[in-house]
Amino acid sequence: MTDPAPARLVVLVSGSGSNLQALLDAATDPAYGAQVVAVGADRDGIAGLDRAAAAGVPTFVDPVKAYETRDDWDAALTAHVSEHKPDLIISAGFLKLVGARFLAAFGDRYINTHNALLPSFPGIHGPRDALAYGVKLAGATLFFVDAGVDTGPIVAQVSVPVLDDDTEETLTERIKVAERAQLVDYVGRLVREGWTIENRKVRIP
Ligand code: GRF
């Protein structure tokens, strides 16, 4: 029996792209079962796009400001992602909330990794907010994106300790190490094994 074709991943980024790099590295092993077929961004000049180019992966850039309305941007992003026929779309440090069109097209296969243990500390300052609150455990959450901000069904969570002398930078880095491993592990499992979502419960058979 021949192996099934690798699943097609489209990864969306806004920054350094270390999570993207972890996926690119994992996908070099045919047993991983997935390949990154395109990388999209909402801005130019970011390391994430350089990482994609270095791996020979096609890129596209859709800045919100390039479109008259947010809905036009959402339509363009949806069209660009569609062109690559993704099985799974991964927001890996993508700092834009997608709109209704994107969710209608991909809501059942669009995941995001967030650097906090949801439902605590949603938004863009997860580690900073966790540190300010004084929690003893921080971490990362992988979830299916819905129309809310970091509210969708949870695929997986991983925790790391918060140390007494942590700064926002040290905690952010500790979370990112665990976050990358979780992302690679669960993206592989999702594409190889499939998943169901019922009453917010994500199950990988
Ligand atoms: C990740 O920690 C993610 O949770 C947060 O931004 C970071 C992205 O890092 N939203 P990178 O661009 O993958 O290095």
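Each position is counted from 1, following the chain as shown.
Cβ atoms are placed via backbone N, Cα and C, with glycine included.
All TrEMBL annotations are machine predictions without curation.
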Co-listed (6R)-10-formyltetrahydrofolate-binding residue [TrEMBL; alongside Leu95, Lys96, Leu97, Val98, Asn112] among Arg51, Arg70: Arg70
Residues close to N(1)-(5-phospho-beta-D-ribosyl)glycinamide site centre defined by Gly17, Ser18, Asn19, Cβ within 8 Å: Val13, Gly15, Ser16, Leu20, Gln21, Ala22, Gly48, Arg51, Ala92, Gly93, Arg180
Under 8 Å by Cβ from Lys96 ((6R)-10-formyltetrahydrofolate binding site), counting only residues of that chain that are 6 or more apart: Ser14, Asp42, Val64
Among Ser18, Asn19, Asn112, which are binding-site residues, the residue with the most C-beta atoms within 10 angstroms of its C-beta: Asn19
Distance check against Leu95 ((6R)-10-formyltetrahydrofolate binding site) for the recorded positions Gly17, Ser18, Asn19, Asp150, keeping those with Cα within 10 Å: none
Secondary structure of Ser18 (N(1)-(5-phospho-beta-D-ribosyl)glycinamide binding site) (DSSP, helix/strand/coil): helix
Between Gly17 (N(1)-(5-phospho-beta-D-ribosyl)glycinamide binding site) and Val98 ((6R)-10-formyltetrahydrofolate binding site), the C-alpha gap once rounded to whole angstrom: 19
